[in-house]
Amino acid sequence: MAVSAHPQMTLTTPLHGEGARYDASLRLSVAPMMDWTDRHCRVFHRILAPGARLYTEMVHANAVIHGDRERLLGFDAAEQPLALQLGGSEPAALAQAARIAADWGYAEVNLNCGCPSDRVQAGRFGACLMREPALVAECVAAMVAAVDIPITVKCRLGVDEDNDYDLFAAFVDGQVQAGAAMVVVHARNAWLKGLSPKENREIPPLRYDWAYRLKQERPSLPVVINGGIASVQAAQAHMQQLDGVMLGRAAYHDPYVLHALEAAQTGMALRSREALLVEMRPYIEARLEAGLALKHITRHLLGLFHGQPGGRAFRQILSEGAHRPGAGWDLLEQALQVTRLQAARVA
Ligand SMILES: Cc1cc2nc3c(=O)[nH]c(=O)nc-3n(C[C@H](O)[C@H](O)[C@H](O)COP(=O)(O)O)c2cc1C
């Protein structure tokens, strides 16, 4: 299939554009976040939001091919539906990595076209790929041809001073024609020079209207929005216009928002923070038994009582105590006890 949507596109491999369909019934997802959304974090998020789509941290295609697969790709069955996010820009390597991901049982492979870090730019992947739509389309087409799970793309609105909706839409169209089943729009530009990755999540202004327009003009394309969404109300407002919302930092720092959003969407009864934490116990004990230190799990739990009486004490007890040798479930009991006491004092 020829791609005409983008004037700079000249393809060297044919596109077929017939990838697996994306299941748009899952409307909530948790963003891929390096160093944060590891497998322990995802098990916790799964308990909070049983119907959310979860993403791994970004893994480079070459690491998938040559690295320690159990460490990079291993996951718990409870994490499903789970997507692997890949970084890279070589079609053959991405196709091979996608095949490995499909064999491991991942439900989706997502290509990172949004990370602005210097290291990633130097490797010619992430957000700088928004300047190379034809190459990205080749990557997508190669992955689509290799697997029968959905291939999706996570991108920004543009890079640096780009301020051209048509360029953004043409980028997306190119990927869809190559077979991408869904696009996650982090609704701001990436500034490739002068901003750190952290600043790149805060300073370039958010423009949700571009994602809305993209969807209005392409009703059959699943569009998921990401960037600065921190409350149930905000998420639900986006869901009125789009197929889904992806929460990043809010899900990590205030994870109960995931549960509240899932409950608001599905009508299920809200469970207490304590009940949700206790559901982690068998997982935590099994991992401790296997030799993992408690701190590797508890670091993801610190925000559970965010904004609640005792929330600070909960965080403090876990962050101080989990480093001690032999720390176990009783530390979590102790932290819970303090939040109970402080909540009772406020009530
Ligand atoms: C610690 C951290 C690591 C991140 N790592 C990735 C990553 O590996 N891949 C990616 O596409 N985005 C990554 N992001 C960006 C998030 O996926 C998301 O696009 C961004 O945080 C905006 O969403 P938010 O405002 O809901 O946090 C990362 C963000 C954070 C805070």
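Please read every residue number as a count from 1 along the shown chain.
Cβ atoms are placed via backbone N, Cα and C, with glycine included.
Nobody curates TrEMBL annotations by hand; they come from automatic prediction.
Since this is a predicted model, take the numbers as computed values, not measurements.
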*Quick one: which of GLN80, GLN85, GLN96, GLN121 does TrEMBL put in the FMN site with PRO32, MET33, MET34, LYS154, HIS186, ASN226, GLY227, GLY228, GLY248, ARG249?*
GLN85
*Of LYS198, ARG201, ARG312, ARG315, the recorded sites listed, which put a C-beta under 6 Å from ligand 1? Please answer none if none do.*
ARG201
*Cβ distance under 8 Å to ASN226 (FMN binding site), same chain, sequence separation 6 or more: which residues?*
ALA31, LYS154, VAL184, VAL185, HIS186, ALA187, VAL245, MET246, LEU247, GLY248
*With a 10 Å radius around each C-beta, find which of these recorded positions (LYS154, LYS198, ARG201, ARG249, ARG315) has the fewest other C-beta atoms nearby.*
LYS198
*What three-state secondary structure does DSSP assign to ARG249 (FMN binding site)?*
helix
